Structures are given as C-alpha cells and as structure tokens.
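Listed in Swiss-Prot for this protein:
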BINDING   TYR14, GLY15, THR16, LEU17  substrate binding site
ACT_SITE  GLU89  active site, proton acceptor
Amino acid sequence: MAEKLRMAARVFVYGTLKRGEPNHHWLTKKENGQARFLGRGKTETKFPLVVGTRYNIPFLLARPGEGNHIEGEVYEVDETMLSKLDILEDYPDYYDREQQTILMEQNETIQCWLYLIRNFPDKMLAKELLISYHNTPERPYNEKSVRTVSARDDLSY
C-alpha cells in the first residue's frame, strides 16, 4: 500500500519511451525515480502521430480529432520520475503535457498525462500519420547526445 501512495501520476507513452524503444531506459533507471507498467492502451481521442526532423523523433501533434487513436503504454510514476520525464521532453518549453483519456486493453478508461507538441509547421501534418511508433533501420531515432541541431530548430527539416 505504501508504494501506491508514493506514485504521483499515470503517464501514457507512445514513442521512444515504450518497451523495446531507445529511451525506455529512462523508465527503468532507479535514479530517475519509480515507474510501474500498468498495461497497453490507446488514446480515446484521435491525434496525428508523426516522425519528424533529421533525428526521426516521434511527435504527437496537438490537433485533437485528427489522425488516429494512438497506441502506447501506461505507467504509474512517482514525482521524481515525472520530473525526469519533463526534462527529457523539455516540458514546458518544447513539449506540453496534458491529461487525456486512455482506453486500456481491458476496456477500462483512465486519465493519463501525455506529452504533445503545440507549435509545429503545418507541413508536419502532411507526414505519414502513425497509429503506433517503432524505431526502424529506415528511420532510426537519434538520441539527444548525438544531435548537432536542437530538435526544436529542426522541425522544418
């Protein structure tokens, strides 16, 4: 029971934080705080999910009602982990974070935080709209440590 009390929030991840993806280690590093996998789900609201920039970053675009019901994973996280995820996502300067309803595999709905981008060039909407993100050899994700241009400055790429 004590562990549940320490958990602060539920977070829906749809990109590089999912299991098997390049940034999943953020959720498993003890020094980042606690994260417990709750299951798979999808957004109740449709959103455009695209891969953009020369670094092949998945972006959930703040255009509710457009795109697809996005598939992802739900984690329960503590305050420390939530603050580390905010750093990774450069919230609130780059990504925004908002509550959305997620339909879990067991058909229950829960409220979760998710990260999305509000300021983007319109041409991002012309990219392939995904249902689920996967890092691929054709579009390999590049971590922050190897980037020469900030992702924010590269949105028009």
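Cβ atoms here come from the backbone N, Cα and C positions, even for glycine.
Fair warning: this is a prediction, and the values are worked out from it, not measured in the lab.
Summary of the substrate site environment: with the site residues TYR14, GLY15, THR16, LEU17 set aside, the chain residues having Cβ atoms within 8 Å of the Cβ mean position are VAL13, LYS18, GLU21, ASN23, PRO58, GLY72, TYR133.
Here the C-alpha separation of LEU17 (substrate binding site) and the residue listed as 'active site, proton acceptor' works out to 11 Å. For THR16 (substrate binding site), the same-chain residues 6+ apart in sequence whose C-beta sits under 8 angstroms from its C-beta are PRO22, ASN23, HIS24, ILE57, PRO58, TYR133, ASN135, TYR141. When the Cα atoms are compared, GLY15 (substrate binding site) and GLU89 (active site, proton acceptor) turn out to be 11 Å apart.
Under 8 Å, Cβ to Cβ, and six or more positions away along its own chain, the residue listed as 'active site, proton acceptor' finds TYR95, ARG97, TYR115. Counting every protein chain shown, the number of other Cβ atoms lying within 10 Å of the Cβ of GLY15 (substrate binding site) is 24.
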